[in-house]
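Engineer: Have a look at the structure that comes next, please.
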Amino acid sequence: MDCEDNEDELNCKEAGHHQIKCDETKNYVLCPRTNKCISKDWLCDGDDDCGDYSDETHCGYIINCTNDQFQCENGLCIPKLWTCDNDNDCKDFSDELNCTTLGCTHADITPSYCNDKEFQCATHKCIKKEFKCDGDDDCDDWSDEDDCPKIPGDCVSGEFKCNNGKCIPERYRCDKQQDCDDNEDEANCDYNITKTCTPDEYTCDNGACILNTWVCDGYHDCSHGEDEYKCEIVCDVSKFPCSGYDLNDNTTEFCINRKHMCDGQKNCPKGEDEANCPSKRECEHNTECRQLCVTTADDPVCSQTCNNTIGSFKCGCMTGYVLRPDLRTCKAMGAPPTLLFANRIDIRQVSLSNSKYTAILKGLHNAIALDYHYSKGYVFWSDVSMDVIRRANVNGTGVRDIIKSGLESPGGVALDWIHDLIFWTDSGTKRVEVASLDGDERAIIAASEIDKPRAIAVHPGEALVFWTDWGPNPKIERSQMDGSNRISIITESVFWPNGLTLDYTTNQIYWADAKHNVIETSFIDGSHRKKVISKGLPHPFAITIFEDAIFWTDWHTKSISTANKATGAGLRTIHSQLHFPMDIHSYHPQRQPKFRNRCGDKNGGCAHMCLPTRDAFTCVCRMGQKLNPDMKTCQKPETFLLFARKKDLRIKYLDGNSQHQHEMVIPIEGIKSAVAIAWDSKSDYIYWTDVERNSLNRAFWNGSFQEVLVHTNIISPAGISFDWATDKIYWTDAETGRIEVANSDGTMRSLLVWEELYKPRDIVVDPIGGMMYWSEWGERPKIEKACMDGTNRYTLAISNLTWPNGLAVDNPPGKIYWTDAGSRTIEFANLDGSNRQILIGLY
């Protein structure tokens with residue numbers, strides 16, 4: 001009731017619905033103390049739906065530890081290797097009981113929570129030893145009064161017996177309060193004697209002493225309750241904190257329901273519940289009561305949707321959620337939620353309500369980022385030590401590599417569960433990329449004006465991808481899923497934006513800044529930005545959302561914490577003592593809701609990859625092909641540039657199409673140090689040398705059919721060239737001082753040149769002229785040529801050379817080109833060495 005005459009609750013359908021007699025239905029149960037009517041499906045799901053946790057009692061544990069795990073007495077599963085290691089992994093020390101190898105006895109490892117001057121209650125609460133057996137329930141469970149010696153008259157030690165036989169705590173004697181019916185507990189008292197409390201005690205107004213830890217703990221321990229005055233009360237997430245009555249007192253005195261905020265009535269003494277309110281909509285005339293729909297991002301009354309009605313409002317929920325009995329917040333339908341998080345050496349699935357966890361994947365090298373595909377049952381993660389993105393079933397089986405080439409430091413991973421795409425960031429390559437779930441199709445989303453991309457999140461419903469960049473110009477960016485319409489949405493007051501997540505029910509983004517130690521939020525366009533949490537964040541790394549809560553990992557505390565996503569209230573740690581918590585995701589079907597598939601059942605008609613956009617989609621061709629004019633089918637490009645980097649081979653189209661502005665990584669595995677590269681246009685094979693693996697290799701230009709051609713009796717293959725006329729490969733070995741030849745499949749290997757050859761570097765063949773050319777990096781650098789069988793050897797250039805490399809023949813018109821990193825020039829000459837000129841000189 002908000003109106004004085006209760007007219008705001010008259011003729012309400014919602015009120016009638018929530019007055020159902022739970023015992024007359026089969027699908028609902030009545031909460032015993034709060035009288036809320038909740039669904040039976042909400043029992044024992046880890047969520048406090050009743051408001052007093054009565055729906056989460058008597059649930060028991062489901063034992064699901066694997067054979068290589070140890071079942072703790074509290075139900076927690078831990079690796080067997082963690083038992084008897086002097087570390088309390090179970091949180092109840094049961095993993096350290098009955099140990100013999102480490103010499104620890106049961107008595108050695110009994111947990112101790114209180115100091116020598118205190119008594120530990122069964123609830124682990126600490127009280128002064130003097131309060132043990134004093135007849136008072138100081139522990140709140142009477143455990144401090146167990147096993148106490150009796151004294152005549154049935155009063156135990158530490159009690160005072162009233163004339164009527166009633167027993168009261170001895171400390172109630174002479175406390176200026178009548179506790180015995182005849183007030184004999186206050187007889188013969190010298191009130192002039194002032195009792196001095198110890199430094200760890202609080203002095204009540206009547207002189208009684210209580211522990212300092214009892215002050216502002218929610219219980220009245222002093223006779224007049226003064227130990228609970230002027231306390232900073234932590235309000236429930238559904239409540240708003242009001243400050244004290246004194247204008248100079250800013251401490252929290254009591255809490256009011258959040259629905260009273262911005263309702264036009266001052267419910268707090270200072271009226272702060274009506275401060276910073278949005279402009280109000282006037283209600284319709286002739287309505288009995290005025291009540292407004294307040295849906296501010298700062299502190300919304302409704303957690304998801306809010307609809308104005310005549311003179312009132314109504315909260316609602318998105319598909320897949322149901323309105324809770326408070327008529328304000330929404331509960332996700334389906335199985336109980338869990339959290340998936342990367343722990344570097346493993347990936348764990350943990351409960352939101354207790355310490356149970358399951359190690360989905362173990363023995364990992366350095367798992368950083370992760371995401372999942374709920375309907376397909378996949379979990380994806382990146383390993384920055386292995387430079388790979390992998391996939392497995394959620395039960396840990398079926399591990400396979402998805403992306404294993406062209407990665408340097410993949411720090412963020414995000415799944416589009418509608419269009420079956422995986423997006424990732426790589427701070428090493430300075431790129432944001434996308435691929436199909438099997439990794440066969442791959443495209444670049446962003447590769448320019450990007451420094452250190454880190455976290456990434458996608459919104460399939462809006463066809464948007466978001467990522468953070470904590471380079472010299474920190475920012476949060478977004479683009480459509482094909483890379484178009486890229487914009488920066490957060491650029492100010494952001495430094496190390498580590499974590500990033502989306503709330504699909506409100507279309508908001510949340511991010512964590514590890515430099516500023518804050519968690520912030522805004523709409524997906526960057527507007528309505530506000531801080532959610534600015535305290536208690538030593539080093540936040542990754543964040544996720546579920547219902548009205550936000551969860552995050554922290555590098556400093558090695559923990560997972562949670563708080564209200566709108567207000568930051570209710571901050572608490574739910575999992576601690578972790579190895580190294582990294583990325584985190586709430587695991588529930590409602591975190592991956594259904595949206596329209598812009599590509600449809602037939603992949604949008606695209607021959608290869610379909611990337612959604614706001615209004616439609618864009619077709620993208622797989623490696624080695626480009627789009628036809630119909631923008632759906634693909635063809636082989638006529639002009640392109642093929643080049644080698646140390647750990648990958650890349651291709652860049654030269655057709656001027658904006659879609660091909662970035663070079664693409666050819667998906668080839670295991671490249672350690674590629675130096676030279678050659679190309680066969682007839683068979684579409686790429687050949688390359690690897691000076692770290694000491695091998696000659698080839699693969700189809702889309703990365704398939706990869707094979708090693710030569711790997712024996714070869715030390716430093718520096719140059720390679722392909723003879724398209726006879727289908728042969730030529731190469732140099734700088735360490736052994738040789739030039740060799742073989743068939744294109746590596747067979748029929750033959751030695752051509754070895755005499756007076758010291759450090760041959762690059763090589764190029766001219767099948768039209770029947771000659772081969774190579775550079776020499778020995779004591780006298782030079783460029784030589786010979787017939788393709790090694791005869792008729794001739795020196796083309798020998799003066800003013802330092803490190804001649806990068807040979808290329810243009811015939812006709814009969815020119816040879818080369819680079820020299822020592823002189824920083826690009827030069828050319830006729831094929832006989834005459835008419836030598838500098839084409840480009842970088843001085």
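Each Cβ is built from the backbone N, Cα and C atoms, and glycine gets one as well.
The annotation disulfide bond is assigned in TrEMBL to C44-C59, C65-C77, C72-C90, C84-C99, C114-C126, C121-C139, C155-C167, C162-C180, C197-C209, C204-C222, C216-C231, C262-C277 (among others). Residues or ranges marked as domain 'EGF-like' by TrEMBL: 154-190, 288-331, 598-635. Annotation comment: TrEMBL describes 288-331, 599-635 as domain 'EGF-like calcium-binding'. Residues or ranges marked as repeat 'LDL-receptor class B' in TrEMBL: 377-419, 420-462, 463-506, 507-549, 684-726, 727-769, 770-813, 814-843.
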Engineer: Using a Cβ-Cβ cut-off of under 8 Å, list the residues of the same chain that are 6+ residues beyond the ends of the repeat 'LDL-receptor class B' (420-462) and lie near it.
Structural biologist: 369, 371, 373, 376, 378, 380, 382, 389, 391, 401-404, 406-414, 468-473, 477, 479, 481-483, 486, 497-502, 504, 507, 509, 511, 524, 542, 593, 595-596, 608-609, 611-612, 614, 620, 622-623, 661-662, 664-665, 667
Engineer: Are there any residues in the same chain, six or more apart in sequence, whose C-beta is under 8 angstroms from the C-beta of C222 (disulfide bond), and if so which?
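Structural biologist: Long-range Cβ contacts: Y202, C204, D205, N206, A208, I210.
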Engineer: Looking only at C-alpha atoms, tell me how far C139 (disulfide bond) is from C126 (disulfide bond), rounded to the nearest Å.
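Structural biologist: Roughly 8 Å, rounded to the nearest whole number.
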Engineer: Near C180 (disulfide bond) in space, meaning Cα within 10 angstroms, which of the disulfide-bonded residues do we find among C44, C121, C167, C209?
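Structural biologist: If one measures from the Cα of C180 (disulfide bond), the disulfide-bonded residues that come within 10 Å are C167.
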Engineer: Which residue counts does DSSP give the repeat 'LDL-receptor class B' (727-769) for helix, strand and coil?
Structural biologist: 0 helix, 23 strand, 20 coil
Engineer: Let me know how many other Cβ atoms fall within 10 Å of the Cβ of C90 (disulfide bond).
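Structural biologist: By my count, 22.
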Engineer: I want to verify one value. Collapsing DSSP to three states, which class is C139 (disulfide bond)?
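Structural biologist: It is coil.
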Engineer: In terms of DSSP three-state secondary structure, what is the assignment for C44 (disulfide bond)?
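Structural biologist: SS state of C44 (disulfide bond) = coil.
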Engineer: 10 Å Cβ neighbour count around C121 (disulfide bond)?
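Structural biologist: I count 21 other Cβ atoms within 10 Å of it.
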Engineer: Sort the disulfide-bonded residues C90, C209, C216, C231 by C-alpha distance from C99 (disulfide bond) and give me just the closest.
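Structural biologist: The answer is C90.
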Engineer: How many whole Å apart are the CA atoms of C209 (disulfide bond) and C84 (disulfide bond)?
Structural biologist: 42
Engineer: Output the one of C44, C114, C139 that, of all these disulfide-bonded residues, has the highest number of other Cβ atoms within 10 Å of its Cβ.
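Structural biologist: When each Cβ's neighbours within 10 Å are tallied, C139 tops the list.
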Engineer: Once the chains shown are all counted, how many other Cβ atoms turn up within 10 Å of the Cβ of C180 (disulfide bond)?
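Structural biologist: There are 19 of them.
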Engineer: Cα distance, C197 (disulfide bond) to C231 (disulfide bond), nearest Å?
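Structural biologist: The Cα atom of C231 (disulfide bond) is 21 Å away from the Cα atom of C197 (disulfide bond).
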Engineer: Rounded to a whole angstrom, what is the C-alpha distance between C155 (disulfide bond) and C216 (disulfide bond)?
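Structural biologist: Cα-Cα distance, C155 (disulfide bond) to C216 (disulfide bond): 31 Å.
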Engineer: How long is the line from the C-alpha of C121 (disulfide bond) to the C-alpha of C72 (disulfide bond), rounded to the nearest angstrom?
Structural biologist: 22
